[in-house]
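Below is one structure, written out as structure tokens, with a few remarks after it.
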């Protein structure tokens, strides 16, 4: 949709979902990562950056709730050059900043494209939130919801917009399942019941010899290929 | 003018970034200057008559058609704290986006082109009000209401203050808000002839100092 017809292209674009930037170039694909506190969003973002940074030009926006911890973790891990990581402050309401009032995040993604672009992919990480927190379509093109087995194996059954509607559901920390008594088969069946054909990935970033973030990275690669087509 | 358009612009859910800012309340809570509803009322009253009057007169002047570039300079001159200038421009940029999407206008486009990283929020507010078909008094009221409702809702989150008490504070301040709005519009009308130098220039040193300290905190809930 090209909603800013009739306006000059001198200033910043006024409308968020437009696939083109003010200069007419196609903007970067934006993928949101949401989910409860401690489920492994930042670790997944870090692993995705390592997996994709040599193939694609990418950047990250974090939405910390009350600190710059997540941005600083990514900086410390040196997953990307520092100018490719930006933090947005959310005033105690992370879901507001990704859903109801997306202006600060839109400015962050546009500034990244202006300052370190051209970019092909921007990962927008939400602050840890509740099961109803989803990204606005005005901010991201696709969203990943990250939960973990230690948060309780009943979360897929409980559903909620994050679990039910995210374009990809990631069940993280599968290596912990035996220690916390979580039934992965039950989680998979519940997720299937809630999500129908929408994909689910079971992931462990820690298990030795495992595939780590590769399944999620492949999903992102497919999205990028579709965006570029 | 449309009264309904005023409600759209004044709605706390208008997506222009205000939710992430406390209007100085977070710094005041940490310093022990706001501990409950009575302190919140005093804080809001102080803000209303100082920073609030200044912002509202800038917004009213912009709504009357005073040159927004000159008004932006006047806002800088009336905002000693660099942290508050940054916050005002960030919020101005966010309001510009919401305003352009909601009430498309050539004047807003021109101002966005002149200040791609954001003009001062009250100036943008006045031009958005014009684009919405609203008047100087509407712009002043929006600015003043934000100036007290922002801290009130922030304190509900910061102190777990009873939300009915916080709303009661806002209702209690309403008659004073009417008086300040009138002064702001009078100041703006003077600026149409007399230039931006005659706009109100009151200041609140504790708000400025608090904002500078707050901007340096490593852990905070609000952006300002």
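Keep in mind that glycine also has a Cβ here, set from the backbone N, Cα and C atoms.
Summarising the annotation, TrEMBL assigns region 'Disordered' to A:1-21.
The compositional bias 'Basic and acidic residues' annotation in TrEMBL covers A:1-10.
Marked as domain 'CobW/HypB/UreG nucleotide-binding' by TrEMBL: A:31-201.
Proximity of residue A:35 (GTP binding site) to non-local residues of its own chain (separation of 6 or more, Cβ distance below 8 Å) is seen for A:41, A:126, A:128, A:129, A:145, A:146, A:147, A:162, A:170, given in sequence order. Residues or ranges marked as GTP binding site by TrEMBL: A:35, A:36, A:37, A:38, A:39, A:40, A:41, A:42.
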Item checked: Beyond the site residues A:35, A:36, A:37, A:38, A:39, A:40, A:41, A:42: chain residues whose C-beta lies within 8 Å of the centroid, for GTP -> A:128, A:146, A:147, A:148, A:172
Notebook entry, point to check: If you count Cβ atoms within 10 Å of the Cβ of residue A:40 (GTP binding site), leaving out that atom itself, what do you get?
Noted result: 24
Check: Does DSSP give residue A:41 (GTP binding site) helix, strand or coil?
Finding: helix
Next item on the list: Give the number of CB atoms, excluding that of residue A:38 (GTP binding site) itself, located within 10 Å of its CB.
Entry: 13
Next item on the list: May I ask which residues of the same chain, at least 6 positions away in sequence, place their Cβ under 8 angstroms from the Cβ of residue A:39 (GTP binding site)?
Entry: A:128, A:146, A:147, A:148, A:151, A:172, A:173
